[in-house]
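**Student:** Quick one: structure below, then a few questions.
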Amino acid sequence: MKESFYIEGMTCTACSSGIERSLGRKSFVKKIEVSLLNKSANIEFNENETNLDEIFKLIEKLGYSPKKTLAEEKKEFFSPNVKLALAVIFTLFVVYLSMGAMLSPSLLPESLLAINNHSNFLNACLQLIGALIVMHLGRDFYIQGFKALWHRQPNMSSLIAIGTSAALISSLWQLYLVYTNHYTDQWSYGHYYFESVCVILMFVMVGKRIENVSKDKALDAMQALMKNAPKTALKMQNNQQIEVLVDSIVVGDILKVLPGSAIAVDGEIIEGEGELDESMLSGEALPVYKKVGDKVFSGTLNSHTSFLMKATQNNKNSTLSQIIEMIHNAQSSKAEISRLADKVSSVFVPSVIAIAILAFVVWLIIAPKPDFWWNFGIALEVFVSVLVISCPCALGLATPMSILVANQKASSLGLFFKDAKSLEKARLVNTIVFDKTGTLTNGKPVVKSVHSKIELLELLSLAGSIEKSSEHVIAKGIVEYAKERNAPLKEMSEVKVKTGFGISAKTDYQGIKEIIKVGNSEFFNPINTLEIKENGILVFVGRAISEKEDELLGVFVLEDLPKKGVKEHIAQIKNLGINTFLLSGDNRENVKKCALELGIDGYISNAKPQDKLNKIKELKEQGQIVMMVGDGLNDAPSLAMNDVAVVMAKGSDVSVQAADIVSFNNDIKSVYSAIKLSQATIKNIKENLFWAFCYNSVFIPLACGVLYKANIMLSPAIAGLAMSLSSVSVVLNSQRLRNFKIKDH
């Protein structure tokens, strides 16, 4: 069983990887992925051995709060921005108090500056009050940090909580010594770290605020889509408008769509017309004109006039629901490149705590001053600096932040990745296999000519009547041609479809019930064919005389022109060093002509579904990383076989199960865009990881004091600033993907 839920209380990648590690050890858990950024988890488990409630209890034991739905954040007295502003104000107050004697002129009264027991104590008490206020503003670090430590799952908050608490306790001890006159000399006099506590917390709060703002912006794509989802719709019942919940709509319901309202579910216009904003599907801002017979898709907005539509999908299976599911899965899943960071994060925090303790002991022994409290002060500064400067957040944010921003960028291009692995793998593709009809071509073959051995209207009636039972694009072209010429469409029975060949049905022909067949030449038993010299898609119409013999009645010649700009986009793809193939069920002449015209390297014609599978299998056995690009209707087996499957979809044509990448703008440029975006994203992730590893590799030793003899020591305050800047730099670097642009050359 697969389930998705939310987890509150996570602060860094050590939290998410700790949950994965803990639950992953359970025999009944098959797979689990936890996303820090959108606080979600996807889990697959054996429902015969456990249930979701038991899994929730396991997570709660680790100190986190699992929930089936993400509750709204509790409204606090102070907003995040106000809390941050107060933290900055009180930090500056404490820092000024601690440095008052060094400032000239000082705004502090003389009574707080004199070097004596009373003034030092009074100054320190004011610093303590300011520090306690800042600690209260940043109390979440202590609540989450110590809770995680208690459950033996230490995280970034644990490091901050331990470091600042140690500094506070030491300062309180020093305050006690000053108050009771137990200090021995000037080295132990007034060694307070209240300003360090404040500065550390302030910098971390600033960094976290920047992270959260950036994360919220990256999550805007999904939030915007969810806002497009209407909760109710107007259902027509007995000529009356009734407002109903969208979840109650079933296929076949007649709905009224008013100007300015969103389409509730996928459907087809049956009365009226409208202009729809389909930018959430295609990325194109211009409204699309819709008339009777046109499809409309959930989440799109009606700009002008009202119309009636018939629902063709329920809410769960509508286009908008599938897009939201894809985005959620993409944001919740993990790329393979993130596994290294997860492994490091699992041991990072415990290792940092061990290093900090070791550094404290070493400095307590080797500190150069003879006074214990001086040595203790140096050792404590090193201890706090090591804890605070280490940044598991930079490692944890390196991959998911880039994936999050990349998915937002993809949606603006009309692209949707099924998961992070799809986004990661697209850049590795070296062979692309294209379907022809509906992918490279317009997908709407039109009849060029008809060659008939019987009365033309009778042939059109037979072919149109049978083909109306099919959803194939060629069938639609024939049906439309028959309707335009007012051919009467008959009732069919015993309709049978042979995938890749054609369709047959029993109908009235010359007063007798006959089996009429429509399809390619291989669908028929040997018959006398007409000599057709035209290039195009040949569709034969025949009558079954017996099980082994068919009579030819006529031939339709159709053509399907390439989409505008396809040739240029194929050239772009080939410039990336990618081999291209065309697999089509069309005849050799048409497929060859299309391949040569578009500059495609190789082709296979008359390809049945099994032929396509065999070719893809052959390419993969040669070591090729294969991407299949199809329309998602008749290519599901081939799409499933590929390393990366791209579906060129229009609304409800999308098959989420078959696709790794879905393009709603129905443009081959999307393939090039997906590959380039994948390349840019992985490059961005590698930059983030390089910075995160280098930062921790360099700054942790510096915080330990390895350059002490060169007079380089990092104070806890500077360590806090460096830690905040490291995670912020990763976030800001990820944001550069927002400016990603597809070059046309």
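We count from 1, first residue shown onward.
Even glycines carry a Cβ here, placed using N, Cα and C.
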**Student:** Just checking the record here: does Swiss-Prot list G145 and K256 under the same topological domain, which would place them on the same side of the membrane?
**Tutor:** yes
**Student:** Identify the transmembrane segment range according to Swiss-Prot, selecting from 280-298, 527-545, 717-735.
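**Tutor:** Residues 717-735 are the ones Swiss-Prot records as transmembrane segment.
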**Student:** Per Swiss-Prot, which of 152-172, 173-193, 446-466, 635-655 is transmembrane segment?
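**Tutor:** So the range that Swiss-Prot calls transmembrane segment is 152-172.
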**Student:** Just jot down the residues in the same chain as C15 (Cu cation binding site), at least 6 apart in sequence, with C-beta under 8 A of its C-beta; none if empty.
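**Tutor:** In sequence order, G9, L36, Y64, A148, Q153, N155 meet the Cβ cut-off.
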**Student:** Using DSSP and collapsing to three states, where does D435 (active site, 4-aspartylphosphate intermediate) fall: helix, strand or coil?
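**Tutor:** Strand, per DSSP.
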**Student:** State the residues, same chain only, that lie 6 or more residues beyond the ends of the topological domain 'Cytoplasmic' (145-151) and have a CB under 8 A from a CB inside it; answer 'none' if no residue qualifies.
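**Tutor:** For the topological domain 'Cytoplasmic' (145-151), the sequence-distant neighbours (Cβ-Cβ under 8 Å, at least 6 residues beyond its ends) are 9, 11, 14-15, 18, 61-63, 157-162.
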**Student:** Suppose you look only at the topological domain 'Cytoplasmic' (736-745); what would the mean pLDDT be?
**Tutor:** 78
